[in-house]
Amino acid sequence: MLDIVLYQPEIPPNTGNIIRLCANTGYRLHLIEPLGFEWDDKRVKRAGLDYHEFAEVKRWPNFEAFLEAVAPTRVFACTTKGRTAHSAVQFAAGDALLFGPESRGLPIEIIESLPFEQRLRIPMLPQSRSMNLANAVAVFVYESWRQLGYAGSLQE
């Protein structure tokens, strides 16, 4: 499976929804601190319902600690600043999908540290700025999982 990495997420219900998404797909969730909310915020739990126990969630003090411990094969910056469509890449087990905080996106230093082909975006109309974080994560997760044949799902 792949790893979902939320860099300094700010909105508890988004993180809760992503926890539920990970529980349903088997993807692992990594949260890069500082979080913009308390981990025990009831809005995180409410959005994730009773799926928290079925999701693998880890917190990291910084992005470097995540990279060192997990050592993903490739890291993809999922950003409005990307040039490659999310569906134009062949994902593989061991990849990590990195998303920035809701209000400001990923730091430019992180984006620029990755090769151009690993800076991905979801196609949108020109007048649109961005998508909701939980929705964007779901788009990436289901595209990558589709490419992997929905490994581990009930459809197998």
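All residue numbers here begin at 1 and follow the chain in the order shown.
Backbone N, Cα and C define each Cβ position, glycine as well.
In the structure as shown, the Cβ atom of Ile122 (S-adenosyl-L-methionine binding site) sits within 10 Å of 19 other Cβ atoms. Taken from Swiss-Prot, the feature S-adenosyl-L-methionine binding site covers Gly100, Ile122, Ser130, and the record attributes it to sequence analysis.
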(message) At a 10 Å cut-off from the C-beta of Gly100 (S-adenosyl-L-methionine binding site), count the other C-beta atoms across all protein chains.
(response) 25
(message) Restricting to the chain of Ser130 (S-adenosyl-L-methionine binding site) and a gap of 6 or more, list residues whose Cβ falls under 8 Å of its Cβ, or answer none.
(response) Thr80, Gly105, Met124, Ala136
(message) Can you tell me whether DSSP puts Ile122 (S-adenosyl-L-methionine binding site) in helix, strand or coil?
(response) coil
